[in-house]
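Read through the structure below, which is laid out as structure tokens, and then see the notes.
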């Protein structure tokens, strides 16, 4: 028998509102609308299908404050993560948002209306407090805090939603189950005990051994329930991971395991996230849940220390064990014993027994370099899939990002570097200078600030797509603020896949030299007031933070600078 949902009732809003669907769909055409972000889309899907039961919408201020302060909704129900719909002041004014307003929520991919929210309140949260209480620190090294600072708008809208339709997916449709569907599947197969395994990483032989061992000890079946929404920046893409999961499922004893995908936007909130994951798996019908060492941890903070203790997540899940009503299975670290060709928990291995392990860092190194990965560590089908998606370092794309004052020589360096890389061969080489994606913006400093910002976004997107396909990209836009540079880097790292190799180079040529060699008269016109926004004259060129290389055409000639960039790439095994 599947576990009871959190709160006792599965809040399947799609089924609840099915009889109203056509009316709601027609109403949505008459309403103002909010186009959801990717994270909001993930959240809405799990609100509507009951994965976030007992929620029936985005949190009101009372619910939000209770969750941030005490891990509880206003009615006292345990819930550890704020689920919020953020909007800007401009959105509020444009949409005339107020208590009682009805607003359509649209899918950003196809513009379809998915739900209608009835606004209960609009409030301005203390996002610094949210970061400290929910994630443990207001530290931008935490990906969720960085997201909170850089992408979340300043107001939250609370209110219940009525479901029109779930988001349409075109990938792995057969593996996407709602809570109701998964519960029906368990019932059909007479699965009474189900151990759920959460993962955002590829699985290898140790994971298979761990989950099989956990199931056998409890006379249960295994639900492999990986996240395919938003995970930690830099993670293996979900397409590759799902192919890995499909390959490894064939290694389970017949009838023991089942694979289902979870469209969750993770927050990497460690202990709170573990409680959240347990609630979600309970809603999907699982009776047991494996909680790992440093479960959902984001890694190191700005001081180089782990954000959370290794067992903080397990401790918090145990604290709320009675309310959660799902049995926690502590993740046991497994190690390989070559003498018996088997995996055993580390704490059960006799002292002096030879063991073998490969760390995540070592695995990534072997994938990058093409070094062999032994079959005791992973399965041939898994390794083959990973190698197809993550080619050796020398075949990966990369982005060289040159930034400096107008006339600093960055364009000349970029053109010379393109010739040098073309000479070496092995990759296509793309050159993106200034505003050359938009010819109408080619005149320096002729664009408005909004046009310039959008153009930088276009350049970053194109660079990421080219690098993803294995190209060498030389990017030299006019990016004078650190925020603009960070946004470009963020796009490359998050969207270029295996080509997300980013090298920031500061062309630190002094302003005096740039002005003296300005053949187009940009600085002269700026000082005469004919054009505005020229860094060094009436605008600031903000200091470049943490460049991998700093060069200066008054101290080095162009061939020397190009050679130093080539050496940087060779040091990183990209050439």
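Placed from the backbone N, Cα and C atoms, the Cβ positions cover glycine too.
Record features, source TrEMBL:
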type: REGION; residues: 1-170; note: region 'N-terminal'
type: DOMAIN; residues: 4-165; note: domain 'ATP-sulfurylase PUA-like'
type: DOMAIN; residues: 175-388; note: domain 'Sulphate adenylyltransferase catalytic'
type: BINDING; residues: 198, 200, 296; note: sulfate binding site
type: ACT_SITE; residues: 199; note: active site
type: ACT_SITE; residues: 200; note: active site
type: ACT_SITE; residues: 201; note: active site
type: REGION; residues: 396-575; note: region 'Required for oligomerization'
type: DOMAIN; residues: 396-552; note: domain 'APS kinase'
How big is the gap, in Å, between the Cα of residue 201 (active site) and that of residue 296 (sulfate binding site), rounded to a whole number?
11
With an 8 Å cut-off on Cβ distance to the 198, 200, 296 Cβ center, who else from the chain surrounds the sulfate site?
199, 227, 231, 266, 273, 277, 292, 295
Diameter of the sulfate binding set by C-alpha atoms, the set being 198, 200, 296, in angstrom:
9
If you skip the near sequence neighbours and keep only those at least six away, which residues in the chain come within under 8 angstroms of residue 198 (sulfate binding site), Cβ to Cβ?
225, 226, 227, 277, 281, 289, 290, 292, 295, 296
Other CB atoms, at most 10 A from the CB of residue 200 (sulfate binding site):
20
Name the residue among the active-site residues 199, 201 whose Cβ has the smallest number of other Cβ atoms within 10 Å.
201
Overall pLDDT of the domain 'Sulphate adenylyltransferase catalytic' (175-388), taken as the mean:
93
